[in-house]
Ligand code: SF4
């Protein structure tokens, strides 16, 4: 590897929140002095590895000097991840061409003028590229679960924010994350949405959107007191559970809500009839329940739970309260059920399962757990950069899905990045076709 130029001065000093190695260039293509560019579709993977090693990656072309031309059509250049090329614009670098890739696919990284000088940076570049080279070159199959990604409730909630932004201009305040996905939230923020935790952060009289997870009546009251213009993007299937909670409570039942404490949807449902609702998370919680009348107990569930685990809790409730009543139709929504069924259909054939979704996305986390319960290694990734090379060691078949709040484009990015490590064949397994669509709330419809 070329030495980091000693004259290079870091644009940002270590500390103060900057990564210790500063900025590094991750090649999105290698540019030889002669011949065609070599694309680097796995750039996101290399960037993720460099981030974990303390660098701030930026993307760009990495120019190769005359002496460091990548081998066309195969062979790592140089073999076993040896010294790579130096880009004329970027100082010393480290590059390789994936063995057997046809047309050639490259990997590469280089210091920039803003890289913190020193051996640590050089090592990080080499290690990050080598880590991916170690699992590159083999042909892989990607089994795509279908359905996956956005559900109707998430599409509607995002469109609500977009419509309100269009109608009123920014800023438009959104209470909590509109849906639990980092990419979606960042995209809407860039367009003028301001995400807040509580309504006291919203100026009086401003427009505020409530998230897809639904809110309690208390939040609606607080908004009215502050004169806020509310547009409620609660998923209609969450609203259905709210209605059930009030109906069961009004006829004198103790309402047992099965869900995860602290989740926004659970907070909203608990708030529908707070004096009559209790939360259970697991079958073990049922024995400790105290109810006013064991003959008058009803249950509801969070919409995004694991179907099989929830059935165990309901069984435990029914064993203790034989007169138990439940919702007319399942509270676990169609999108959650379909994504779990779709993953179950491919998990057994997968060496590893990747679930695209954010850590606070309940249905995404349930998908990871489902695969793990079936004995398949499974990992949740917010985006391509979070995939770790060690997860792909010896892996020939990757099961891939995404939670209901994850944009479809993120899945496409993962597939493209895997294609940068070697030949990839994609098979989609569709267990059912979704045709659900929810109309926008009247306050968000175009006039
Ligand atoms: S996951 Fe289900 S309940 Fe949640 S927004 Fe989507 S359709 Fe609605």
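Keep in mind that glycine also has a Cβ here, set from the backbone N, Cα and C atoms.
The Cβ of residue 213 ((2E)-4-hydroxy-3-methylbut-2-enyl diphosphate binding site) has 28 neighbouring Cβ atoms from other residues within 10 Å, across all protein chains displayed. The feature (2E)-4-hydroxy-3-methylbut-2-enyl diphosphate binding site is assigned by TrEMBL to 180, 213, 263, 303, 361, 362, 363, 405.
The isopentenyl diphosphate binding site annotation in TrEMBL covers 180, 213, 263, 361, 362, 363, 405. Within 10 Å of the C-beta of residue 263 ((2E)-4-hydroxy-3-methylbut-2-enyl diphosphate binding site) we count 16 further C-beta atoms, all protein chains included.
For 72-94, the entry in TrEMBL reads compositional bias 'Gly residues'.
Residues annotated as region 'Disordered' in TrEMBL: 1-24 (among others).
Here TrEMBL flags 50-115 (among others) as region 'Disordered'.
Over all protein chains present, the Cβ of residue 405 ((2E)-4-hydroxy-3-methylbut-2-enyl diphosphate binding site) has 32 other Cβ atoms lying within 10 Å. Remark: residue 362 ((2E)-4-hydroxy-3-methylbut-2-enyl diphosphate binding site) has 180, 260, 263, 265, 302, 304, 305 as non-local neighbours, by Cβ distance under 8 Å and separation of at least 6 in sequence.
Each residue in 179, 264, 265, 304, 360, 364, 403, 404 lies on the same chain as 180, 213, 263, 361, 362, 363, 405 and has a C-beta within 8 Å of the C-beta centroid of that isopentenyl diphosphate site, without being one of the site residues. The isopentenyl diphosphate site in the record is lined by 180, 213, 263, 361, 362, 363, 405, and its two most distant CA atoms lie 15 Å apart. Residue 363 ((2E)-4-hydroxy-3-methylbut-2-enyl diphosphate binding site) carries a helical DSSP state (H, G or I). Neighbour count (other Cβ atoms within 10 Å of the Cβ, all protein chains): 29 for residue 303 ((2E)-4-hydroxy-3-methylbut-2-enyl diphosphate binding site).
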